[in-house]
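Here Swiss-Prot flags GLY66, PRO67, GLU68, SER69, SER70, GLY71, LYS72, THR73 as ATP binding site. Among the features that Swiss-Prot reports, region 'Disordered' is placed at 326-374. Swiss-Prot lists 338-374 with the feature compositional bias 'Low complexity'.
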Amino acid sequence: MAGTDREKALDAALAQIERQFGKGAVMRMGDRTNEPIEVIPTGSTALDVALGVGGIPRGRVVEVYGPESSGKTTLTLHAVANAQKAGGQVAFVDAEHALDPEYAKKLGVDIDNLILSQPDNGEQALEIVDMLVRSGALDLIVIDSVAALVPRAEIEGEMGDSHVGLQARLMSQALRKITSALNQSKTTAIFINQLREKIGVMFGSPETTTGGRALKFYASVRLDIRRIETLKDGTDAVGNRTRVKVVKNKVAPPFKQAEFDILYGQGISREGGLIDMGVENGFVRKAGAWYTYEGDQLGQGKENARNFLKDNPDLANEIEKKIKQKLGVGVHPEESATEPGADAASAAPADAAPAVPAPTTAKATKSKATAAKS
């Protein structure tokens with residue numbers, strides 16, 4: 001009897017909450033529809049896999065940080081381009097006043113429809129972010145960067161004045177306001193951040209990010225991006241080998257890493273990443289300098305194979321789909337259910353590939369190999 005009275009009291013409380021705050025303000029978790037996490041692809045298949053859900057999650061706060069010239073803005077611009085290609089509206093808050101529209105265009109960004117703001121101070125920037133997010137019309141908003149969100153008091157004050165904790169308080173207040181609106185409108189906010197060094201640290205990493213601790217707590221995903229190698233064509237530097245570590249992830253297991261190439265003037269090399277992932281997962285076979293996919297030679301050397309995939313986007317999409325299916329990333333449950341043998345079918349060519357002698361494969365695809373080599 002007591003249990004029944006408690007249930008009646010709970011039902012009455014739930015009904016009162018709904019009347020006062022609206023339908024959906026409180027509910028049993030079992031009554032909530034569990035929809036798959038919507039994502040925005042990053043432009044790198046390896047990073048999409050490392051994130052565990054196939055890209056940057058919608059409706060969340062994301063922080064991208066790293067040293068100077070490590071690829072932070074490039075990575076973010078690829079996400080902007082992918083959001084626009086899916087029909088989404090994107091805003092870019094350029095607090096650094098350093099966005100290069102020509103470079104953004106080369107990465108696939110539709111600069112004519114990109115909403116751009118170059119605010120005068122941090123309060124103005126975050127107020128603009130709040131208003132745009134609450135409009136419910138955006139899919140992605142980028143803030144570049146947290147370090148450039150200078151409080152109004154600091155701008156109006158003298159050069160030597162001390163303003164301890166002003167920026168941290170500003171960020172904390174802004175994140176408290178926008179986090180709920182981001183989730184309700186399914187808008188992703190990407191904050192680009194810079195690194196600073198703490199003085200007097202004897203043990204552990206002296207590196208820290210700007211803007212206080214609030215962003216660390218509110219971010220669902222934090223990406224640490226680093227340049228690990230310079231790519232060269234002869235003696236000329238043509239790009240960077242980049243490593244991204246997922247240091248925080250609330251939507252999938254964290255601490256995974258991804259490596260990919262960023263080519264100067266071109267951005268992330270999607271095709272280069274597909275070749276690396278294809279070899280790693282057995283879909284692309286590497287014999288000496290030659291790269292082969294299902295009996296067809298892609299080219300001699302990674303650069304030729306990369307160009308071949310760039311000229312054949314359908315083939316690149318096919319390889320990407322098989323990689324994601326095998327790793328269970330970016331595939332909805334209903335797709336897996338309708339294609340139960342997809343993984344086995346896609347893995348079959350990779351298993352069979354080593355049994356095929358290299359000379360036979362070369363003869364079968366002589367014309368393609370010649371084209372790729374040239």
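Using N, Cα and C of the backbone, Cβ positions are placed for all residues, glycine too.
A quick note: this is a predicted structure, and the numbers were derived from the prediction, not measured.
A simple way to gauge crowding: the CB of PRO67 (ATP binding site) has 14 other CB atoms within 10 angstroms, across all the protein chains here.
In the three-state DSSP scheme, GLY71 (ATP binding site) falls into the coil class. For GLU68 (ATP binding site), the number of other Cβ atoms no farther than 10 Å from its own Cβ, over all displayed protein chains, is 8.
Around THR73 (ATP binding site), the same-chain residues at least 6 positions away in sequence with a Cβ under 8 Å from its Cβ are LEU99, ASP144, ILE192. Take the mean position of the Cβ atoms of GLY66, PRO67, GLU68, SER69, SER70, GLY71, LYS72, THR73, the recorded ATP site; other residues of that chain with a Cβ within 8 Å of it are ILE225, ARG227.
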